[in-house]
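Listed in Swiss-Prot for this protein:
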BINDING   38-71  FAD binding site
């Protein structure tokens, strides 16, 4: 398209320099030999931890391996003129305290809330000249019921009750997200005083129990049962169940029929944006703009952030206490504490001298489940996708469904199950599960006029292909072509609109973003790796066996997603420990 070409030329190089980088180069750009605290990795959790520590009066520096901050919450211009949220792509789970306490709106964060938020087109022949059916869900419950009634009037009546049921569970779990887990080590091995102090960590559990009350057994089932079993108890129509089940498997090497998948379902419905519970939205300028806002808040209070500065090793004193880090260029930076936003595996198996860690602890970290089904494909297109189930208007302007998470190959939970089964044999799914998002439908700054960016979160793809083969360029392109063929069936003309793409298989996600196995949560969000077992039992309160070394990333409680809770909670624990030194 001509209009797209003109806009593309204007867009190249038009991105302004982030506020945090301007402030840092003006006042705090020189590396000092010593800080109170060092944060390894400028992912969103690391930036949050640094921002809080600096506010507490702890002089903090952040070292980032890449040329850009944000970790997986990053905006990158892979195709000239098109700005992609290259890894994470939606916002909802960010804790409201972080939004307000770090004054992120003041530091440039702008959000586009999505309503409606979910669109599931059917792959079927329209009858009587009508278009194929689809399921469109948003915040209007009456309209939701009308949509669901196309498939089941019984389900339409049950849906508000289901939403209320899940909202109550999310409300109960809320206090657990904003505090360290129960300190089992203090209970088991601490002094009497430490045991008494650790009793305070039981308060969030008590609060959760009070909210759930007599319905606790039903809610326990949600956390432990297969998501399909939970959904079958509420609904009968497959399009609705399959749409809801996508939240149970997103980013997880599981399927709706595996026990424990119900928890991941909850993990993705317990967020809020600007006071609207369960809302999801796009960040103006892409997810990197969120990281820039956190960094701006941090540097405004004195945090120093250094990009392209890889931490090679955690330094330990002869007395067995952290005393700083060594950078890849050989520079030594001393500090009282080190917080790692890297995964538990990188932190404890690569950066930390093994002689300072108990063998049992190292073995547990090495055994963490990091399997990932995800291949993320970022696509630049020169026109809006045109779905058979919801045709575009003549002006080609975005319609309500274009702002949604668009669920493809999602008419039936058995399709999700079959996609999972394929990958057990080392094969990418024949009919992959696809979540398609078009953030430029609400944020035109992401692409040249007339063009759009499309995010494809797809599964299931194995880390290693059948026969022990590694992914190569041909395999990547073959899989991406398969995904595009699937989209073409729902939206003819999609393949012809593509002007560029960026394919990230599980090994690519690991290489680029440091996600072990390509796992977006650092390690699986299964019940055996949650709360006081995250990352491992007895070391779930952000502390490690090595004094002065802390975990503050998604591998710590409460887990993955762009939440920031691990960074905030870890900062409070570190500040408490520093005061007692």
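Heads up, the Cβ atoms here are built off N, Cα and C, so glycines get one too.
Keep in mind it's a predicted model, so treat the numbers as computed, not measured.
Here the features listed in Swiss-Prot are painted onto the structure.
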| residue | record | DSSP class |
| --- | --- | --- |
| 38 | FAD binding site | strand |
| 43 | FAD binding site | strand |
| 48 | FAD binding site | helix |
| 53 | FAD binding site | helix |
| 58 | FAD binding site | coil |
| 63 | FAD binding site | strand |
| 68 | FAD binding site | coil |
Neighbour-count leader, CB within 10 A, binding-site residues: 53, 58: 53
Least Cβ-crowded entry, counting other Cβ within 10 Å, from the binding-site residues listed as 38, 48, 68: 68
Neighbouring C-beta atoms (10 Å sphere around the C-beta of residue 63 (FAD binding site)): 25
Proximal but sequence-remote residues of the same chain as residue 43 (FAD binding site) (Cβ under 8 Å, at least 6 apart): 70, 71, 72, 73, 291, 341, 553
